[in-house]
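Peer 1: Heads up, here are the entries from TrEMBL:
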- 216-231, 477-487: FAD binding site (BINDING)
- 356-370: NAD(+) binding site (BINDING)
- Cys344-Cys347: disulfide bond (DISULFID)
- 126-196: domain 'Thioredoxin-like fold' (DOMAIN)
- 215-503: domain 'FAD/NAD(P)-binding' (DOMAIN)
Amino acid sequence: MLETNILDQVRSIFQPLEARYTFHITCNPKHEQARELIDFLNEITSCSDKLSCRLTETETSGPEFTLLKEEQETGIKFRAIPGGHEFSSLLLAVLNADGKGKNLPDESIGRRIRALKGTIRLQTYVSLTCTNCPDIVQALNIMALLNPHITHEMIDGALFQEEADALKIQAVPSVYANGKQFHVGRGSLGELLQKLEDTFGSLPQEDAAPVPRKFDLLVLGGGPAGTSAAIYSARKGLRVAIIAERIGGQVKETVGIENLISIPQTTGSQLADALKNHIGHYPVEVFENRRIEKAELQGKEKKVFSGGGETFTAPAVIIATGASWRKLNVEGETEYIGRGVAFCPHCDGPFYQGKHVAVIGGGNSGIEAAIDLAGICKEVTVFEFADTLKADRILQEKAQSLPNVEIFTSSQTIRVEGNGEKVTGIRIKNRITNEERDYPLDGIFVQIGLAANSALFRDVLETTTSGEIKTDTFCRTTIPGVYAAGDVSNVPYKQIVIAMGEGAKAALSAFDDRIRGII
């Protein structure tokens, strides 16, 4: 049963609904979860006279339901009882079908979705405890709503365990397009759209002539540094645009945040929402779901090109594209991503209950992952390349106290072993003795830090050997009018609070250069 305060919130959310919606349930009434799904949806429909339920009994079907709008299919199906993190996906599916919701894309992105070629059947396998899954589910639901040739099913892997096992799914979210694995792990609407365009192609868009977008300042990236830079610049009266795949950036993947000064505890998702809300208080134009494909930074007017033919120009650019999880770049890693190689212990850990896993990396993220996984896995083996662990002492002591955690330092990963279907082990080299050894195991969690998202700029900007953009103490790069802030830059210590400060500093430097006539 949903709590009274939750139902009150749902009533408020659905109060502005205009069309009528039906949850069409299809299930075998003898299924152990059938009554739970029916009761759950009846509670939801009690919150609005625009909602209703219909039940069709079958002999074979597990609990599932489709969303109808005015008795017409929307293309959205839930093969799940969408509680947990997916509760918001259900609410947004209804709101988005009604043309409402802050997550709906702008017209430029909408045109690209409607232009996708062919009939596309999308299926996303999720865990209700996965924090990355809702972003994927909600993005693909939007595509189904906007393009009548696209359908999307959200499938709870725990509820349809045999199906997930048959597909050998070991990481969520796992997306299948027309029966073939298409995407594994976190992602944004813009990233998924680009992959669908690359896979299926697009129809010509006669009304989609490129629109030049001119601003005083462009911010590339929507994480803590980017949002801080945009807000500070807007407060100076500048016409500012943020171009990003998503607001929140890498922060959105962080489960718990307890070191953001003045906020004792929050989550990555909550902080991302707060950043988006704060931006909304200023006249900042946000171009979300964009992937930057090219940047021309020389000269007075800088140009930035995104997918879909959009061109943005401004005399100043702040690069705040952040960083991404670093990969091992060894044989077998890419081949087995989603089939034993994972990056998120919170999302994918439950798939390895009672099994043996490795964690690669002895920093805070690696040791935290080992501690987390030790609660559900039979055995956790940590491999650290350096001669000592880099994690905080308190984390090291906790991990070393756990009976099912074993830690090896001076250990170099040589390759990921597999049988063609899933991971079966890992080969490790002892850097002191040069001896190589195979460790049989079921999964590998890679936690070796972050890599700067600077590839687009390395040909024109000076970077460190690790790819971080070099800046002076004012966030200026080697090109006048181009600044870098946050994890993409060489500023020491990759922390949210530092990224916010660097974003503000970059904005103030850009404004100072503007009034002095430097740019």
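Yeah, the Cβs are placed from backbone N, Cα and C, and that goes for glycine too.
Annotations in TrEMBL come from automatic prediction, not curation.
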Peer 1: Using a 10 Å cut-off on Cβ-Cβ distances across all protein chains shown, tell me which of the binding-site residues (Pro224, Gly366) has the largest neighbour count.
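Peer 2: Counting every other Cβ within 10 Å of each candidate, the maximum falls on Pro224.
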Peer 1: Taking the Cβ of Gly481 (FAD binding site) as centre, how many other Cβ atoms lie within 10 Å?
Peer 2: 23
Peer 1: Considering every residue in the domain 'FAD/NAD(P)-binding' (215-503), what is the mean pLDDT value?
Peer 2: 95
Peer 1: Out of Pro224, Ser228, Cys347, Gly481, Ala485, point to the one nearest Ala370 (NAD(+) binding site) in space (Cα versus Cα); all of them are recorded positions in the record.
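Peer 2: Spatially nearest to Ala370 (NAD(+) binding site) by Cα position is Cys347.
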Peer 1: Between Asp216 (FAD binding site) and Cys347 (disulfide bond), what is the CA-CA distance rounded to a whole number of Å?
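Peer 2: Between the alpha carbons of Asp216 (FAD binding site) and Cys347 (disulfide bond) there are 40 Å.
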Peer 1: For Cys344 (disulfide bond), what residues in its own chain, 6 or more apart in sequence, show a Cβ-Cβ distance under 8 Å?
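Peer 2: Residues satisfying the criterion: Asn132, Ala171, Gly185, Arg186, Glu253.
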Peer 1: If I restrict to non-local contacts, at least six residues apart, and a C-beta distance under 8 angstroms, what lies near Ala358 (NAD(+) binding site) in its own chain?
Peer 2: Val380, Thr381, Val382, Phe383, Ile426, Tyr439, Leu441, Gly443, Ile444, Phe445
Peer 1: From the recorded positions Pro224, Ser228, Cys347, Gly481, Ala485, pick the residue whose C-alpha lies nearest to the C-alpha of Gly366 (NAD(+) binding site).
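Peer 2: So, of the listed recorded positions, the one sitting closest to Gly366 (NAD(+) binding site) is Cys347.
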Peer 1: So what sits near His356 (NAD(+) binding site) in its own chain, CB-to-CB under 8 Å and at least six residues off in sequence?
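Peer 2: Cys377, Lys378, Glu379, Val380, Thr381, Pro440, Leu441, Asp442, Gly443 - these are the non-local Cβ neighbours of His356 (NAD(+) binding site), listed in sequence order.
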